[in-house]
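Worksheet: one structure, shown below.
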Amino acid sequence: MNRAQNAPQPSKLTRNLGLQGRNTFGFDASAELAYEITSAEQIPEVMESIAAQKLSWRVLGGGSNVILPKVLPGATLLMNITGAEITSSNQEHSLVAVGGGVNWHDFVLWSLDNDLPGLENLALIPGTVGAAPIQNIGAYGIEVADYIDSIEAFDAHTDSFVTLPKSACHFAYRDSYFKQHPHRFIVTKVVFKLPKQWQARIHYADLANQFAANATPCPEEIFLAVCKIRTRKLPDPKVIGNAGSFFQNPIVPNEQHETLLGKHPNLVSYPDAPGKRKLAAGWLIDQCGFKGERMGNVGVYENQALVLVNHGGGTAQDILGLAKCIQEKVRKEFGVSLEIEPNIL
């Protein structure tokens, strides 16, 4: 077979592509140059073109964890690599390879349909599979890092494809090696390691309350419970623009936690690493009176103070202005700094 027949289909290039439907805040934004990536083989040629033109670049997946400006200059790579397959299986676990552009919730559904439990606590988290490890998404007591075997990516520093084992990913709370080195890696595939000996993880308060009378729920029951809780607490981005949790839960030393607890007996917190506690950012924001408040076209969600929303017509500048007000008030009231979770592009 000749080389022309083996050559990958060229990436589709669109100029001034509207991105309002590709970011969950629903901001009216556009990409100066947008490259649609449907296979890993397209990336070297695209990156060569970007380098030749000396363009800035970034990857955009589901747009669920980003704050977009009016115009994204340079090149935007739209991650649309699909596919999911079980690559190996033994008595202990199954390895599942998933394309970076696959919708995260769709993959969770696929895993349960294929009798591969483990990810049910992460149901309904918006975004793509490729973005999940970058942020190390987590919810209801687990993180995606708990189930990752390795990650395949294009390294823009070496112009080559690499496979990073879990140990090289430096996963931490909402953090990873990929997040620490922005504009370097383009995640094309994530390999998950899902255990055959599944155990329910329902110690998180909201889930524990759901199963007070059922100590041994099945994966599907946990999946449905998580969906129910998230639907009740979090707004649907298709109805009202948002990026889910806007601030990370701050982690403080035990000494600072004890001081805060003395002043605020109802302080909500959770155990973290030895000698540290994780504070509930939503509770801090609520105590400062922001829950349900509106500032122009943006505001704080009425059912969850951790979520900032775009009521329509809002901009990145608007949402960041509101975020700054919240950060300043929380710092003044509690002496705690809140870190923004979405990436500001």
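Glycine is treated like the rest: Cβ placed from N, Cα and C.
Swiss-Prot has this to say about the protein:
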- ARG174: active site (ACT_SITE)
- SER245: active site, proton donor (ACT_SITE)
- GLU341: active site (ACT_SITE)
- 27-197: domain 'FAD-binding PCMH-type' (DOMAIN)
Q) In Å, rounded, how far does the Cα of the residue listed as 'active site, proton donor' sit from the Cα of GLU341 (active site)? A) 7
Q. For GLU341 (active site) and ARG174 (active site), what Cα-Cα distance in Å is obtained after rounding to a whole number?
A. 8
Q. Is the residue listed as 'active site, proton donor' helix, strand or coil when read with DSSP?
A. strand
(Q) Restricting to the chain of ARG174 (active site) and a gap of 6 or more, list residues whose Cβ falls under 8 Å of its Cβ, or answer none. (A) GLN135, ASN136, ILE137, GLY138, GLN248, GLU341
Q) What does DSSP say about ARG174 (active site): helix, strand or coil? A) coil
Q. Including all protein chains displayed, how many Cβ atoms other than that of SER245 (active site, proton donor) lie within 10 Å of its Cβ?
A. 21
